[in-house]
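K.L.:
Structure in structure tokens, see below.
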């Protein structure tokens, strides 16, 4: 059965979700809603400064997109309740505007005829978050779910492997995070986050992130044990998590590497990766795993106190897991 998907919001994540869906036979994008006109939408889909040209054909006909010969309905509605998803048979909406992140607001998609909704960002209420490699097995039929954040998708699988094998007493996370659309090209007004208003290409910017605390929501056994922060850096894509933890059960760094490698080759294949190469951030542009453990970058002070490093393409990896969650809730 092909799952019919509508995308609301055709920004960075909306477009990368669309691109990733073209490589899957189980998911078909049938509709896109954004306030862009169709010609500009086609242009934004065709050309991408980070991920290159779209691999396929993109045309506009009668105000709609024709991608690889298939028509995709284009609308420009501000209110999701008016989207008439049922007219094109939408099963699941990928809510990618970054605006409708509560059950109450996202439920407008259900009103408009969709069966289920996946939020492509952490929910702002108690809407459950699901992360592949962490808690997909806890899904219990909810019609509105969140795929959490790109950083939580990197941290949670790694934290789960470490906690399951050695136990985590407590930990601090830092994500060295690529620039995103919320930042400023030059210094500009940012009333809630003064540092965040400084020029993205000129600065390393300390920032807050709820990603580590959110791990406690997807892995309740780690609730209250992790917190973290971010540094925004002047790179266009690919971020890296630095997780420093105290272990319950003493372990050498070699034992930790072996446990992560076993998980990456076993139950977490496609989610958690493992490398012993001398890699840098651009080596992960286009990476579909949401967390690639860098065995050479981590260090241990002793057998109870370690720093672990894991890479993620904060656009591609996350967007692929949005599709995995869509498939999972459609079973």
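Just so you know, glycine gets a Cβ as well, placed from its N, Cα and C.
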K.L.:
Which of these, 127, 180, 185, 252, does Swiss-Prot say binds D-glyceraldehyde 3-phosphate at the same site as 149, 150, 151, 209, 210, 232?
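P.N.:
Within the candidate list, Swiss-Prot flags 180.
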K.L.:
Looking only at C-alpha atoms, tell me how far residue 314 (NAD(+) binding site) is from residue 150 (D-glyceraldehyde 3-phosphate binding site), rounded to the nearest Å.
P.N.:
5
K.L.:
Among 149, 150, 151, 180, 209, 210, 232, the annotated D-glyceraldehyde 3-phosphate contacts, find the widest CA pair distance and round it to a whole Å.
P.N.:
16
K.L.:
Is residue 210 (D-glyceraldehyde 3-phosphate binding site) helix, strand or coil when read with DSSP?
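P.N.:
Where residue 210 (D-glyceraldehyde 3-phosphate binding site) sits, the three-state DSSP reduction gives coil.
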K.L.:
Let me check the 10 A CB neighbour count of residue 210 (D-glyceraldehyde 3-phosphate binding site). How many other CB atoms are there?
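P.N.:
Looking across every protein chain shown, the total is 16.
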K.L.:
Give me the largest Cα to Cα distance among 12, 13, 34, 78, 120, 314, the residues the record lists as binding NAD(+), in Å as a whole number.
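P.N.:
Those residues reach a largest Cα separation of 27 Å.
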K.L.:
Name the one residue among 177, 180, 209 whose Cα is closest in three-dimensional space to that of residue 12 (NAD(+) binding site); these are the recorded positions.
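P.N.:
Looking at Cα distances from residue 12 (NAD(+) binding site), the smallest one goes to 180.
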